[in-house]
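Colleague: Sharing a structure here in structure tokens format.
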Amino acid sequence: MSEREVLDSLDSPDTIPISIIPQPRNAHHSDGDWEVRSDDGEGGDRPPAGGGRRRRREAAARPGMGRAVVMLPPVAATLAAGAYRLGGQQVREDESATWWAAHLSWTDLGRLLDNTDVVLAPYYVLMHLWVSLVGGSATMLRLPSVLAMAATAGLVALLGRRMFDAPTGLVAGLVFAVLPVTTRYAQEARPFALAALSVVAGALLLYRALDHEEADRWGGYAFGMLLTGMFHPVAAAVVVAYLLITLATERQRTGAWFAVTLVPVAPLFAVLMLARGQNHQDPQGGSDVHALLQLPQDLLGSQHVALALGGLALLGLLFGRRNGVPLLVWAVLPPLAVFGLRSYGNLFTPSYFVFTVPALALLAAAGACGLARVLPGKARGVPTRQVLLGMIAAIGVAVVSLPVFPDLRTDPQPGRPDYEAAAAWLRHEAKAGDGVVYGGELDKVMRATAYQWRDVGRVPAQVYVTLSPQRDGTYTGRPCSAPVVCTKGVGRIWLVTNTPRTPFAGMTQDEGKFLQTDYAAGGSKDFTGGLRVTLFNRVPEKAKNPAKG
């Protein structure tokens, strides 16, 4: 065959172009490890099927920055910020609920969850085990939250690495670490840090399931979704973002995602049905549009932090391509949904949306690192430019956050009651045989005072409680139906209230009336945050029933 005939045969329609013949990615491929290449020699838009190929493709896109390099700096920064003066602030009102549940016996904890807060049962069980090992000091109560927030920062970095690239992941983790909201809830003994950890871990486990074709990979995602809802039901709203991640990554596996996601729905639904008839702690959520508009500032710590992070997040939407939309839904949909459903139960309070902050950090990092990609320069210098510009962005966020941190370290925080000082003063002033009653928000006042007196031997007796909170399965106990009997032999009663304008609020009508008629108010002392302690002395019978002339 002549040279001309050979060239003509190559142009024949029966000849298969070599560019579309399956080619091995390298000399050490596994069986069936092939990919279809486009005519320009690059991989097609659709990711090739098979976990091995995908992992090598991702590793090639992240040269020089392994998982440890990406995640350890955010973890260290979050640990340092969260551990600094961890026990310096007194236990707050909501944290006292954690201590109360954690210090109960298993039987009493079961009674409590039968009446209230069953949605927080996994968290309370976890804290019960923890407190039984290390005690209930402020530092020990908050340590699980610090560890959870540090782990969240590391997983945010890994998630950014998976969704975008290694520099974006590193920057996302650092941005998350320097935010005031991260430190704020790392130092709070409530489930919000664990909920954030579960949400980010759930996203990573979802990618793990999508990146591998083995069916058993879905188990981790299902378990993560279950933990997300169990640690905080509001966080389960992230499921919509998970759906968008699935559609953007492996659309053909959406059916599998739906089937697996239904698995944790049944137990979550059962828990929510149990919670419907229970009493719950009032989150004191906002109810008007102003509360919705104020949420970014209230959640992130200040208007300047919200503007800085929001500006970077908008850039992230611009440069984030298809991964920006799931992150936007993750950050925005839960607050909007809870606000829209507030007439059925007002849960609109900033602490309930801590789990949305990782999405904002990821968008902010995508914005900074995406901007670095479009700057002029050699292609091989893109990762370096991403890290440099990303570090500048993270430092900028840290700088505008600095004015917020002093208030986080103040004890008590601005506007919060000083139960530590009130309990210490009352114990010093009380005499043997004195009683104590509570007004205002009874559950908060009684729990917080009980925490301050947890290691104190002699304290005034609760004269208006006929069945202890432990036995009653509540935070307040069973109220007294006959005050004249409950106060027999008690000459002095101390009233502790966090509503000084209406000091007898929270009491039954008989309790409040009896205290005002059979006792006379003596001295009182006000404490920070609207807390007041008043001494009532029993009125002598002659003064109540003067002799008739």
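A Cβ is built for glycine as well, from the same backbone N, Cα and C atoms used for every other residue.
Sharing the feature lines straight out of TrEMBL:
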type: COMPBIAS; residues: 9-22; note: compositional bias 'Low complexity'
type: COMPBIAS; residues: 28-45; note: compositional bias 'Basic and acidic residues'
type: DOMAIN; residues: 126-263; note: domain 'Glycosyltransferase RgtA/B/C/D-like'
type: REGION; residues: 1-60; note: region 'Disordered'
type: TRANSMEM; residues: 64-84; note: transmembrane segment
type: TRANSMEM; residues: 143-160; note: transmembrane segment
type: TRANSMEM; residues: 192-210; note: transmembrane segment
type: TRANSMEM; residues: 222-244; note: transmembrane segment
type: TRANSMEM; residues: 256-275; note: transmembrane segment
type: TRANSMEM; residues: 301-320; note: transmembrane segment
type: TRANSMEM; residues: 327-345; note: transmembrane segment
type: TRANSMEM; residues: 351-375; note: transmembrane segment
type: TRANSMEM; residues: 387-405; note: transmembrane segment
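Burial and contacts for the listed features, if you can.
Modeller: Regional average pLDDT for the domain 'Glycosyltransferase RgtA/B/C/D-like' (126-263) in the model is 94.
Same-chain residues lying 6 or more positions outside the transmembrane segment (64-84) and placing a CB less than 8 Å from one of its CB atoms are 145-146, 149-158, 160-161, 166-167, 169-170, 173-174, 176-178, 182-183, 186-187, 383.
Away from its own ends, the transmembrane segment (143-160) comes close to residues 67, 70-75, 77-79, 82-83, 86, 126-127, 130, 134, 168-174, 176-177, 182, 185-190, 192-194, 196-197, 200-201, 203-204, 207, 358, 361-362, 365-366 of its chain (Cβ-Cβ under 8 Å, at least six residues beyond either end).
Beyond its flanks by at least six residues, the transmembrane segment (192-210) meets 123, 126, 144-146, 148-149, 151-152, 155-156, 158-159, 162-163, 185-186, 217-218, 220-221, 223-225, 227-228, 231-232, 235, 238, 241-242, 245-246, 249-250, 253, 257, 260, 330, 351-352, 354-355, 357-358 of its own chain at Cβ-Cβ distances under 8 Å.
Within its own chain, the transmembrane segment (222-244) has Cβ neighbours under 8 Å at 119-123, 191-192, 194-196, 198-199, 201-203, 205-206, 254, 257, 260-261, 263-264, 267-268, 271-272, 325-327, 329-330, 333-334, 337-338, 347, 352-353, 355, 359, counting only residues six or more beyond its boundaries.
A Cβ distance under 8 Å defines the sequence-distant neighbours of the transmembrane segment (256-275), meaning residues of its chain 6+ beyond its ends; these are 118-119, 121, 206, 209, 218, 221-223, 225-226, 229-230, 233, 236, 239, 242-243, 246.
For the transmembrane segment (351-375), the list of distant contacts is 152, 156, 159-160, 163-165, 167-169, 171-173, 175-176, 179, 181-182, 185, 188, 190, 192-193, 195-196, 198-200, 228, 232, 234-235, 238, 241, 283, 285, 295, 299-300, 309-320, 323-324, 327-328, 330-332, 334-335, 338, 382, 385-386, 388-390, 392-394, 397: same-chain residues at least six beyond its ends, Cβ to Cβ under 8 Å.
Residues of the same chain lying 6 or more positions beyond the ends of the transmembrane segment (387-405) and with a Cβ under 8 Å from any Cβ of it are 167-168, 170-171, 174-175, 178-180, 183, 301-302, 304-305, 308-309, 312, 364-365, 367-369, 371-372, 375.
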Colleague: I need to check the long-range neighbours of the transmembrane segment (301-320): which residues 6 or more away from its ends have a CB within less than 8 Å of a CB in the stretch?
Modeller: 164, 175, 179-181, 184, 327-328, 331, 360-371, 373-374, 393, 396-397, 400-401, 403-404
Colleague: Can you break down the domain 'Glycosyltransferase RgtA/B/C/D-like' (126-263) into helix, strand and coil residue counts using DSSP?
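Modeller: Per-class counts: 121 helix, 0 strand, 17 coil.
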